[in-house]
Amino acid sequence: MTRSNSFDQETVNKLEKRLSQRPEKTDLVDRNILKDDKGIAPSLVAAKEKLQRSQLEDKLGQALQQRPKPEELVKEGILLEEEAPPSRA
């Protein structure tokens, strides 16, 4: 008993054409569509991503702590007083 092909020839041709036109993996990595995890065991990829995210959150938190207060920006003439958010006392 032979198995019949469930796709017509036109569908097969379209699929082959699209597959031949798809970008290379390196192009997708360069465009940040795929991640390049060379040299890392697959079991460690999730842990690596979690660590990177945690480090980024810490860096953002530190940057937010160091930004100037609205009052300082008004004093330096960067913001107009009416543009500054109300101060939280």
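Numbers run from 1 along the shown chain.
Every residue, even glycine, has its Cβ placed from backbone N, Cα and C.
TrEMBL: automatically predicted annotations, no manual curation.
Predicted, not measured: the structure shown is a model, and the values here were computed from it.
Over in TrEMBL, the protein carries these features:
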REGION    1-23  region 'Disordered'
COMPBIAS  1-10  compositional bias 'Polar residues'
COMPBIAS  11-23  compositional bias 'Basic and acidic residues'
REPEAT    13-38  repeat 'RPEL'
REPEAT    58-83  repeat 'RPEL'
REGION    59-89  region 'Disordered'
COMPBIAS  79-89  compositional bias 'Acidic residues'
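Residue counts for the repeat 'RPEL' (13-38) under DSSP, helix first, then strand, then coil, are 15 helix, 0 strand, 11 coil. The average per-residue pLDDT of the prediction over the repeat 'RPEL' (58-83) is 92, rounded to a whole number.
Break the region 'Disordered' (59-89) down by DSSP state and the numbers are 14 helix, 0 strand, 17 coil.
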